[in-house]
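Here is what Swiss-Prot records for this protein:
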- Gly114, Pro115, Pro116, Gly117, Gly118, Gly119, Lys120, Ser121: ATP binding site (BINDING)
- 276-298: region 'Disordered' (REGION)
Amino acid sequence: MKNVHNTIDEARLGIMLNDLRLPTIKTLWPQFAEQADREGWPAARFLSAIAEHELAERAHRRIERHLAEAHLPPGKTLESFAFDAVPMVSKAQVMAIAAGDSWLAKGANILLFGPPGGGKSHLAAAIGLALIENGWRVLFTRTTDLVQKLQVARRELQLESAIAKLDKFDLLILDDLAYVTKDQAETSVLFELISARYERRSIMITANQPFGEWNRVFPDPAMTLAAVDRLVHHATIFEMNVESYRRRSAMEAKRHRGRPAAFATTKSASLIVAERQSEHDETLASDNQHDTFMPTAT
């Protein structure tokens, strides 16, 4: 009879845990209850143990959801970023930024400038990934893609609503700002986005052109000045003026392609010469020894 009551109680408990949306506790409580009985845990320790696992699993699922919605390019991490190739970027400063905290709470911005291939997008995505792992929400998008979506929203009289929906992201990463066409319709929705997030939600921008060339993006000088003013206020700026990583890799591969075997060895040229000279000397010595003991003809 006792087993029947236990079975009914366990079934009811499972239903209640489902209603309370506690799937991890529902899965783990039997094994923790057995351990608690075996080791004589007080009730508080038992409840604390299963609650801790529930919270940890919720945090894990939340990070997975945030990673899925962020659309980050794969494989871009701070661990794989070549800080030594971009000496003007402080690794310590980047690590502090990747923690989030105060600058995101203030709606501050991060601006990354430099020629194509210098690692701007990699660094932006890597910071975004670290922020998600620290509990923040991030969206990574090509600037042109987002601008086109906002233009559609404007035509449907939904621009304000579309911009408001982006407020759920603590950080909006706009990649390749320079590729926005110099068109009043496109740049105006971009300006409205920048204005709406000013001092409220953070923006990170990667761009090939410095501010002095932003008249190529914003056709209206007054709009250019206003956009720059809002972005620079409370901003951290990285000037990544280095040679393209892709170009460096291609040139390195070209230098190594088709080299003779001698150039592929790890031995130095002087060591190779010395070894060849030694082999030559040994050959001469062997020939001399052979000549000495050769019997003379009669």
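Each residue, glycine too, has its Cβ placed from N, Cα and C.
Known features from Swiss-Prot, placed on the structure.
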residue: Gly114; record: ATP binding site; contacts (Cβ under 8 Å, 6+ apart): Lys120, Asn208, Phe238, Glu239, Met240, Asn241, Val242
residue: Pro115; record: ATP binding site; contacts (Cβ under 8 Å, 6+ apart): Asn208, Asn241, Val242, Glu243, Ser244
residue: Pro116; record: ATP binding site; contacts (Cβ under 8 Å, 6+ apart): Asn208, Ser244
residue: Ser121; record: ATP binding site; contacts (Cβ under 8 Å, 6+ apart): Pro73, Lys76, Asp175, Asp176, Thr206
Practice task
State which of the following binding-site residues has the fewest other Cβ atoms within 10 Å around its Cβ: Gly117, Gly119.
Solution key: Gly117
Practice task
Please classify the secondary structure at Gly119 (ATP binding site) using three-state DSSP.
Solution key: coil
Exercise for the section: Specify the secondary structure state of Gly114 (ATP binding site) as given by DSSP, simplified to three classes. Expected result: coil
Fill in the blank from the handout: For Gly118 (ATP binding site), the number of neighbouring Cβ atoms whose distance to its own Cβ is within 10 Å equals 26
